[in-house]
Structures are given as C-alpha cells and as structure tokens.
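As recorded in TrEMBL:
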type	residues	note
ACT_SITE	210	active site, schiff-base intermediate with substrate
ACT_SITE	263	active site, schiff-base intermediate with substrate
BINDING	117, 119, 127	Zn(2+) binding site
BINDING	220, 232	5-aminolevulinate 1 binding site
BINDING	248	Mg(2+) binding site
BINDING	289, 328	5-aminolevulinate 2 binding site
Ligand code: PBG
C-alpha cells in the first residue's frame with residue numbers, strides 16, 4: 001500500500017510523549033475531605049470506598065497524607081455537631097470547618113479551599129433558609145409544600161448567610177472560598193463580604209454551572225446533606241440545559257468569581273469544553289461522588305480496571321478543558337503519576 005498518511009507512526013512508544021496533547025499533574029488535583037464534629041473516630045463512607053469522615057482532631061493527619069501524594073490542595077466539607085432551620089453552625093467561629101481550617105493552615109502548607117453552603121447545616125437539608133411559608137415550628141419542614149415541591153429556599157436570606165460563612169472561613173485562614181449553593185447573586189454577596197472584612201486577596205471558586213444531578217447520591221450520605229423533602233431543582237441547573245450554563249458563568253464572572261467550576265464532570269464534558277472556549281478564567285471540574293462510586297462498584301465486580309479508568313477519566317476531564325479537578329481519586333491517581 002502506498003499510504004501518505006499513517007497516524008500510527010506517532011503512536012510508537014518513544015514518540016507518544018512528545019506529541020501528547022494533554023498532561024495530568026498532581027498539582028491539578030484537589031482532594032475533598034469530610035470533617036465530622038459528631039465523632040471522635042474516623043467513620044468509613046460505605047458508598048465511597050477508601051474515604052472516611054474524619055474527626056477534627058484527625059484533620060491535620062488526613063491532610064498530611066494528601067500532601068504526601070503530591071496533591072497540594074484540599075476542599076473541606078463539614079458535618080456540624082447540630083443542625084437548625086437556619087444552619088447557624090455554618091458560620092460559627094468554633095464551627096467544624098473553621099476549626100479544621102485553623103488547624104490545617106497552622107500545621108501544613110496545604111492550600112485550603114472551603115465549601116460554602118448550608119445543606120449540611122440546616123435540619124431540612126436544603127442549601128439555605130426556607131421561604132417564609134415553609135417555616136414551621138415542628139420541624140416537619142415542607143409539610144406545606146405539596147402544592148409546589150420545588151418551592152424551598154429563600155434566595156436573598158441565603159445570601160446574607162453565605163456572606164457570614166465566607167468571612168468566618170477567611171478569618172479561620174481559608175485560602176479560597178467555594179460557594180456551592182447555586183443562589184442568584186452568591187458570588188457578588190460573598191465578594192462584598194470578603195472585601196468589607198479585609199479579605200480582598202481571598203479568591204472565589206464558584207460552583208458556577210452546578211447541575212441538579214443524581215450523581216451526588218453518595219456525597220449526600222457522606223456529608224449527611226440530603227434534603228428532607230422536595231429536591232434541589234429550583235436552584236441547581238436542569239441537566240437539559242447548556243446555554244443556561246454560559247449565562248450562569250457569565251453572571252458569576254460579572255460578580256468577580258476567580259475560578260469557574262462545572263459540576264458534575266464526566267456527564268457534562270460538553271459544558272466544561274464550552275466554558276473553556278468562551279471564558280478566560282481557570283476552569284475547574286468536579287468529578288463527583290457518583291462518578292467515583294460507579295467506577296469502584298464496577299471494579300469490585302472485576303468488570304473494570306480501577307487504576308486505568310480513574311486515570312483515563314481525569315485525563316479526559318483535562319482534555320475537555322478543565323485546569324483543575326476536584327476528585328475523590330486525587331490521592332490514588334497522584335500516586336500513579
Ligand atoms: C453541597 C454540595 C454537594 C456536593 C458538593 N457540595 C451536594 C449537593 O449539592 O447535593 C456534591 C459533591 C459530590 O457528589 O461529590 N451543596
């Protein structure tokens with residue numbers, strides 16, 4: 001055969017590295033960590049093999065293990081000792097994330113990013129205080145919402161809470177704040193709060209295009225943050241929409257977000273790649289709990305090679321355009337790299 005084009009030439013072992021278009025480094029990865037104020041011992045998370053909720057006393061040791069793999073950044077989620085309708089423990093000076101942040105930043109060089117949301121802190125599990133008509137005394141929140149199961153969170157009241165949360169995290173030493181509640185105006189409110197308190201150097205990574213996804217299932221077990229009624233459809237995005245993601249990212253850009261996150265990652269790579277093309281901001285993608293759990297489940301059955309599919313997943317997320325990846329595979333993949 002007289003073939004002019006033979007792409008296979010560049011797939012030979014000694015040249016493939018030279019022509020590789022995408023690289024993955026431990027420094028691209030952010031490891032999520034669950035800090036739990038309700039326990040003195042580590043608790044395994046059944047649906048996320050290899051992950052645990054750690055008590056505040058173990059937070060530093062947990063982060064040191066992450067750093068050893070070459071991963072330099074962590075994302076902290078907190079499980080508070082108590083919950084109430086407003087989620088007041090989310091901005092407590094001695095709250096679980098604040099305490100863990102203080103200890104981690106004192107003892108290590110880890111770059112500490114804190115998730116700023118209320119769903120782990122409210123007794124009804126929604127990402128902010130409820131609308132007036134749903135607030136009831138008997139903690140049967142939502143009993144009245146049968147007429148509209150998507151009517152839940154009071155957007156503007158939530159903004160005030162988010163501002164307090166962000167400032168309390170920054171006071172504790174957080175390096176970056178990541179609001180995940182998909183409230184309108186959340187980036188602007190947090191930026192105002194941080195700037196007003198003297199934290200204008202603290203960047204915001206916005207969960208800018210966060211979808212209402214069934215892939216968050218294992219996380220909600222892990223962080224005890226499932227809504228007790230209704231769902232998150234009226235604040236998180238409809239999986240059917242792509243143009244709307246551009247609008248969300250644009251609004252967050254206008255409000256001063258520094259990093260734009262798309263979440264989940266693998267089922268939404270078209271969104272990652274569109275945000276990459278349209279915006280100049282660093283793009284983060286969150287390879288969420290369900291994406292992690294399904295690979296583990298298949299590997300446990302012997303149907304997939306876990307190391308290989310984990311690496312391929314993260315490489316694909318980068319190839320689609322992500323600069324940073326939040327992933328429960330961070331340590332495992334960093335060790336392989
Ligand atoms: C809190 C939050 C969630 C996740 C990150 N922050 C849960 C949710 O929105 O229901 C999910 C992360 C994951 O599934 O790994 N708002």
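Including glycine, each Cβ sits where the backbone N, Cα and C put it.
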Listed binding-site residues with Cβ under 6 Å from ligand 1, out of 117, 248, 328: 117
8 Å Cβ shell about 117, 119, 127 centroid, Zn(2+) site members excluded: 118, 120, 121, 122, 126, 128, 180, 181, 225
Subset of recorded positions (119, 220, 248, 263, 328) lying within 10 A of residue 210 (active site, schiff-base intermediate with substrate), CA to CA, in sequence order: 248, 263
Same chain, 6+ residues apart, C-beta under 8 Å of the C-beta of residue 289 (5-aminolevulinate 2 binding site), given in sequence order: 47, 48, 215, 216, 217, 218, 219, 222, 328
DSSP state at residue 210 (active site, schiff-base intermediate with substrate), helix/strand/coil: strand
Three-class DSSP secondary structure - residue 263 (active site, schiff-base intermediate with substrate): strand
Between residue 232 (5-aminolevulinate 1 binding site) and residue 117 (Zn(2+) binding site): CA-CA distance (Å): 13
